[in-house]
Structure formats: C-alpha cells, structure tokens
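Contents: one structure, followed by commentary.
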Amino acid sequence: MKQPYNHGVLFYHEHSGLKDIHNGIGEVAKSLSSMCKHLSLQLSENKGDIIKYCKSIKNENYSSDVDVLFILGGDGTLNELVNGVMQYQLNLPIGVIPGGTFNDFTKTLQLHPNFKTASEQLLTSHAESYDVLKVNDLYVLNFVGLGLIVQNAENVQDGSKDIFGKFSYIRSTVKTLLNPVKFDFSLTVDGETKEGNTSMMLIANGPNIGGGQIPLTDLSPQDGRANTFVFNDQTLNILNDILKKRDSMNWNEITQGIDHISGKHITLSTNPSMKVDIDGEINLETPIEIQVLPKAIQLLTATEQNN
C-alpha cells in the first residue's frame, strides 16, 4: 500500500480518557504508519502545547515536510488543535481519533467511537472541508453554549465523568435543571434582533451535541451557516424528565419549546454577563460575536460508519 502522506504528527494527552494511553497509542500508530512514510508521536503535557507545536510546524522549525495532523482525544483536545491550525493558517488535513469523554464531532465524521476502529477507518478516509465558527478571537468546530450548559459543566467535578461515566454527568445535569440561572439576552442574527429571557442557549455548527443528534435534516457543518437555539421553560421541564430516565437527549420531544434561528453572523449580549462554553472549554464571557468561516478546515472523513 502506498502511503498518501509524507510526515504525520499524532498529538495526544497523557490524560486523554483512555485507560492505557501507551497501549492505545501503539494500536493507533499501527494504522497511521500505513498512511505516512514518517509518523511522529507528540505528547502534549500542558494546555496550549498543541497550539505552540502548530506555530513550530508553520515556521518549519518542527519539520519541513509535515503534511497531515492527527489528534487522539475528546472534543476539548480537538478544539485546541483546531485553534492552532486556524491561528497559524496551516492548510493541512486533520485525522481525529476519539479518546476523550465526549467525542461528538467524530460522529459527524462517521468515525466509530472506538479509537482502534476509528484509526483503521482513517486508512480509507478522504479529506473534506468543514465550516469553523470564529467566536471573538477563538475558533470552534462544534458548538457554543451558555446558561445551563456551562452550569452543568461546572457542577461536574474534575475527573468524575471518567470515573463514574454517564451516570455522574446525568446526575449533575438533573441538579443543574432544578436550579437554572436565567438571563436577559439580545441576539442579532444576520441583522435581525431578538430579545428575551432564557436559561439556556446553544449555537451549533455540528449536528451532534451532548451525545445526541439534533433532528434537523438541513443542519450541516458544511453549509456556511450556524444554528442558534433558544430554550424556554417548557423545554427545560421536558429535559429534566428525559434526564431523570437516564436517556440520551431526545430532541424530537423538545423541539416545540425551542426557537431556532439560522445565519452567518451572530452577536450576543446578556445581562448579567455569562460564561460561554466552546466545544467543552469554558474560555469566554459574553458579549460575543460569531462569524461562520465557510469550509475553513480539512478533516478526514470516513466513507461510512463502522458499527
């Protein structure tokens, strides 16, 4: 088999979510070495390291022949690589291997949730261009959330998602829903302004959020548009019932309680100022400005999901 790439770099964290990271790296490397003449394994020890490595690749200090990047981790780790690639304008395809607590975007790429199977799928994958959301000075691949989404993330203690799995996350979500924090908002999408009061807002680029799929056939991370969802009180009551049953988010039951607005340019201010979750990382506060960057990044996409 001819290797399509010269030099690939696989980024990973020691605390990526895999029980045995070194054994996992070995399994992944078997597949990736079939794709690349040269494969470098690059440990990211601290937050921000991946962005620094992207700068080094851009300046050719890392190597002059890197032509593909791989990331082993969850949505937060992928977000760091996306920011490095966008910030330093690296026109390189990215192969994503699930290895964290949440791997929503790998579903969009039709990749299997098992890291070994997903790395094997990359052998027959192809590069496709996907939209990126620019949120103030940061870049987002999957979603922007505020209100209950941030509340819930802060209620889950560090590491508990790995130790107790889905149950701990759902228990925290129910606790959050019983004590929602409401806020006033002013939302402008492509020049049209909406004002109101809510306790949860979501701006989605990808169709998979929080382990569930948003049931909109026209929602695509390749259409040049972002989708804003404003949740009302009725929706939150249904969400609470669903989560108490420990089921996945059932969008079909709650869509009647959601305002949906699609557009290319979004500004959002709130009172009071609210923390903002971007792909699982709480890095911003309102006000925010969001611009859709059409087909700004290349991601390796499987032909079909391997179940």
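Note that Cβ sites are derived from N, Cα and C of the backbone, with glycine treated the same way.
Taking a C-beta cut-off of under 8 angstroms and a sequence separation of 6 or more, Glu281 (active site, proton acceptor) has the following same-chain neighbours: Gly76, Asn79. DSSP classifies Glu281 (active site, proton acceptor) as strand under the three-state reduction. Annotation source Swiss-Prot lists active site, proton acceptor at Glu281, citing similarity to another entry.
For Asn79 (ATP binding site), the number of other Cβ atoms no farther than 10 Å from its own Cβ, over all displayed protein chains, is 24. In the three-state DSSP assignment, the secondary structure recorded for Asn79 (ATP binding site) is helix. The ATP binding site annotation in Swiss-Prot covers Ser44, Gly74, Asp75, Gly76, Thr77, Leu78, Asn79, Glu80, Thr101.
The annotation Mg(2+) binding site is assigned in Swiss-Prot to Ser220, Asp223, Arg225. According to DSSP, Asp223 (Mg(2+) binding site) sits in a coil region rather than a helix or strand.
Within the model, the domain 'DAGKc' (3-139) carries an average pLDDT of 90. For 3-139, the entry in Swiss-Prot reads domain 'DAGKc'.
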Rounded Cα separation (Å) that holds between Ser44 (ATP binding site) and Ser220 (Mg(2+) binding site): 31
Among Ser44, Thr77 [binding-site residues], residue with fewest other Cβ within 10 Å: Ser44
Among Asp75, Asp223, the most crowded of the binding-site residues [Cβ within 10 Å]: Asp75
Give me the Cα-Cα distance between Thr77 (ATP binding site) and Ser220 (Mg(2+) binding site), rounded to a whole Å. 22
